[in-house]
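Visitor: Can you read through this structure? Questions will come right after.
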C-alpha cells in the first residue's frame, strides 16, 4: 500500500549520517548495527551532543545503497527525532523488504511506525509536562539521562511507559560526568518495593572511542 502510494514520487529524507558500528548503550550494547541518523528534532535539550541540524537530502535509493554496503542486518533508526520524519514509513518498508531488523531510538512523544521491531525511548525530564499529557505507552527499553528532578520524573515514566528494561545514564555537566549522582539515584530507585528495577547504562561507544 505504501509503495503504491509513493510510486510516482519517491520521497527524500534529511540524513545526518549513515554508518555501521556497535550499539553503545542499553540492552543491546555490543550489537553490530547500521545507524541511520535523521535530521531535526521536536525538542531542544541543552546538553544534546547530536548535530541533528547538520543534514543533507538523501533519496531512498541513496539510503538503500549506503545501508546495503554494510554487513549488519540490524538497523537503528535514530536522530534527531525519527518519529517526526514525513513519509518515513515508506523507507522503513524498503528496509523490511530487505529483511532488516528495525530498532528505533525516540524521545517517546510521537507514535511509533508499525514497521519497527524494537523501541528504545529516552524521555527528557526537561519536558516532563509533555509526558504527563501524552507519550507512547510501551517500549522495549527506557533510557533516561540523569540531569535534574530525576526521582519524580523516573516515577512518572514508570507510570506512563511500560518497559521490560529501565536504564539511567550519566551525562556530562561542566566537563564532568555525574556518575556518582546517577548510581546514587539507582540505589534509591531499586530500594522501593514492587517497582521496576533500574540499571546503569553507559555510552560505551564513547569510552572505547568508536562512533
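Keep in mind that glycine also has a Cβ here, set from the backbone N, Cα and C atoms.
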Visitor: Can you tell which of 37, 57 Swiss-Prot lists as binding substrate with 22, 23, 24, 78?
Guide: 37
Visitor: Considering every residue in the domain 'Radical SAM core' (28-211), what is the mean pLDDT value?
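Guide: Reported value for the domain 'Radical SAM core' (28-211) is a mean pLDDT of 93.
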Visitor: Other than 80, 122, 123, 124, which residues of the same chain sit close to S-adenosyl-L-methionine? List them in sequence order, counting a residue when its Cβ is within 8 Å of the Cβ centroid of the site.
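Guide: Along the chain, the qualifying residues are 43, 45, 81, 106, 107, 108, 121.
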Visitor: Of the binding-site residues 23, 24, 123, which sits closest to residue 41 ([4Fe-4S] cluster binding site) by Cα distance?
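Guide: Nearest by Cα distance to residue 41 ([4Fe-4S] cluster binding site): 123.
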Visitor: Using the alpha carbons only, what distance in Å do you get between residue 45 ([4Fe-4S] cluster binding site) and residue 122 (S-adenosyl-L-methionine binding site) once rounded?
Guide: 12
